[in-house]
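Working notes, beginning with the structure itself.
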Amino acid sequence: MENVEEAPPLSSESNSNSNNSSASSSSHQLSQSGAMGAEIAPSTSRSHSHSPTPSPPVPASSHDQPHPDHPSPPLNASETEARENSPHDHSPTPTFHQTAPPPTTSSTAPQRDEREQQQQQEAPPLQQDQQENSPAQDQELHPLLDQQNQEYPAVHQDQQAEQNQELHHIEGLIRHRESQNPEEHPPQASLENRETLGREDTNQEPDEPQVRDPEIEPEAEPPPPLLLEDLDEQDSGSQDLNEQQPPLIIDANAIAETIDANAVERIDDYEDDDEEVDEEEEVVEDRVDRAGEVASVSGAQRLHSVAVLPRYSSASRAPRSSNNNNNNISNHNNNNNNSNSNSLSRRTRHFYSNNGSHFSNDMFPSHNPRSSTQTSSPRVGGRRHHSTPAASSNSPQHQGVDPLRLLYPNVNESETPLPRCWSPHDKCLSIGLSQNNLRVTYKGVGKQHSDAASVRTAYPIPSSCGLYYFEVRIISKGRNGYMGIGLTAQQFRMNRLPGWDKQSYGYHGDDGNSFSSSGNGQTYGPTFTTGDVIGCCVNFVNNTCFYTKNGVDLGIAFRDLPTKLYPTVGLQTPGEEVDANFGQEPFKFDKIVDMMKEMRSNVLRKIDRYPHLLETPENLMNRLVSTYLVHNAFSKTAEAFNGYTNQTFNEDLASIKTRQKIIKLILTGKMSQAIEHTLRSFPGLLENNKNLWFALKCRQFIEMINGADIENVNNKVTATTQTMPTNQTSVIQSTKTFKHSKSGSGNGNVNINQTQQQNNTAIPAVIKPQGGDRPDIKNMLVDDNSNKCVEHDSNSMDVEMEPCQSHSNGGDSSSNGNASAVRNSLDAIDEEMDVDVSPSSRNCGRVIEKILEFGKELSSMGQQLEKENLMTEEERQMLEDAFSLIAYSNPWSSPLGWLLCPSRRESVSTTLNSAILESLNFERRPPLEYLVAHASELIKVIGQHSLGEDAFITIDDVFPQN
């Protein structure tokens, strides 16, 4: 009895209300789920007593416990009768490896006779009998409690204390929820009141037995679904199957042990999820029924521990699989959290078990235990994705690279597309295509040779492949296996097997013969049947073809093949079915890449062995380098190189330096000075080439808007070098928004100290005065980067100038019409500039006036070329683009900002340099460029004539970089 006093006393609720339906169902569900992982003896609580006078249970040994994968042993007659007369649910439930069945107590014959006599004599239900026999049961419990306290004294006390505390906490949360939502959750009595009401209802209806009919029980309460704990436990492997835990004696309060501190909060999450995803997820329990069961501990236990995984549709699965990496990391970390972790989201739509593990429906497609040999799949977006062994993350398909482009890099598919599938338009009617037009099935009768049917690709094999290979897998040989794999010309008839007609070549599987444009076959290789992989390779260098079987080379089958051949496969008897692989998947024959490397080496050795007929390569290369340096006006470098190689100049050195100066002016944006030097040094060049002059003028107009050629306003001024700002404002906008400062300097001087922005990278264009102290347009400073227009005075530079207002590129875009429309728009802008009458504004206005005047002159020049029919479409577009820059307050960020890029000056300088050399009777291009262009053209000609070597030659091979 001392051991009984040490153990915590059983609650009055549990002792007096042993047959309460809520506690009984919760205890029964707990015994089914095996959440505690221990054996539950039927005599540990009066709510689980199935006989009036149970005997003390005998602890079962590890050998007596049944294996979790095998069913429980059949019950004897006494146990069957006791369960039929018991008010508790004994419907069959699935057994999992976490829980071992409770040991059954033997029932003697006198006890059975005594129980039958009591049932015949007494009319009250079994509940009253059990209440009357409770003192005897308490006496029988004492030895069992002594044993429990001896084995687990401290653990049992701590567990019961935690259980009682959690149970009262959950009951308080449930009452608080009912008070907040009186409409959604109807008021229900507390645990004590419901148990009292249960006894009163039983006493009021003594004639109605509470014994359930075993035939109706499965319909009234179906077996519970799989537990998340069970599935989570099965993931750990099969080594836990034989592990046995010591038996624990659990009373009615133990049902709260599987409910953690977040149980009620997670129950609320289930209801919130039902409201949010009602259209895309199916919930097993009705929401109204669930709300009515939340107030009971059994309902909370069922909702928390036994959760049916909903079936997600493909529409709802897609957005969840596209979560970012942060969500993936968060979901991965949640798998290692315990049951008290508060990092779980309330709005999650996944399911969490009692130990904090994260589950989703994708992880368990079928509720079958996974074997220990199954490897775990990675989680993506909180869901487990099952990968197939065939899919490799290192394959080109997963890296976003076309494998055919890697296999045939020299093929230009815009001109000669690669065969990638069978053509649905170039086939016989008896042929059926499926699986992206890669699977071929015969659908004819197949009685005669005329019943043969073939299919080919939509495009022929490009000769620029050099070496082309494809494979065909025999899915089924059909009735007779009359199949042919080969090559055909475009005019091949599709009711014949490849090889029977002219310009068709095939390898047949029924006899292993090769057919070359004839009905008479030649002995070639073995036959092939279901499961074999047949490959066909075409060599465009020597115009041969060979076949492979299951990765083994069978030797050359055909020679002297024509060009433009199509991959073809032919079938003849019912049931024949094949799959094609044109390079999308790895080949069975893995020596294609090595063969291509060997052929490439042979072609390069052939080029190196070609005899040099003219002179030694050293002298030829020296002349090529010298002419290239002279052509591009690298005067100092050319002079040093010719002195080292003992070569002479064909052009005067002074002419080379003049061209060099003009090229530098163009590259720095000083178009007006470049044009002036060209007219002075090479008279008659621009006058006789009006199109070139017009192109230079268009570029000059662009540089004026850019601010690099402001000296065009006055020919006596020069400008320093420019930089390319990222947010430059046009000269037009700067002059329109110019404001004169009212600073108290007295002399009207200005300060240009604020000439750079935060990036400190731009250098302003300074206009230097050439005479006179009066401020004029030549005394203007335009800061291209800081959007300031500053007046410069030769006496002092101390007075600050207000910065011009910065405008975004939100100006109205004007349509690029003809030249007259552009001139009218320029006139309108010119009239607008007359509004500002301040002296400084007039100076800035003169700048824009000069730009507009130059634009009118350029427009007139374009009209003159139009009259003489000398204007090309390229020059017409150039003029429209240049005039369109006026419409933007920030030309750099406009759609035409590429015109202001310094790289656009190179083409203008190259054109002018070539024109100058041509006027001096020199070549427009250096000889080195001619050689490179000639070699490129020869490679194209080789490909056009289907010689095959072009697949293994590039410009870098002919002219190596090192």
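Counting begins at 1 with the first residue displayed.
Heads up, the Cβ atoms here are built off N, Cα and C, so glycines get one too.
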Listed as phosphoserine by Swiss-Prot, one of S55, S72, S395, S838: S395
Position flagged as phosphoserine [Swiss-Prot], chosen from S366, S387, S730: S387
Annotated range (Swiss-Prot: region 'Disordered') out of 758-778, 800-820, 905-925: 800-820
Which candidate, of S12, S25, S61, S393, Swiss-Prot gives the annotation phosphoserine: S393
Per-residue pLDDT averaged over the domain 'B30.2/SPRY' (400-587), given as an integer: 92
Cβ-Cβ under 8 Å with the domain 'LisH' (617-649): same-chain residues at least 6 beyond its ends: 656-657, 659-660, 663, 913, 917, 922-923, 925-929, 931
Structural state census, the domain 'LisH' (617-649) (DSSP three-state): 26 helix, 0 strand, 7 coil
Summary of DSSP states over the domain 'CTLH' (655-712), given as helix, strand and coil counts: 44 helix, 0 strand, 14 coil
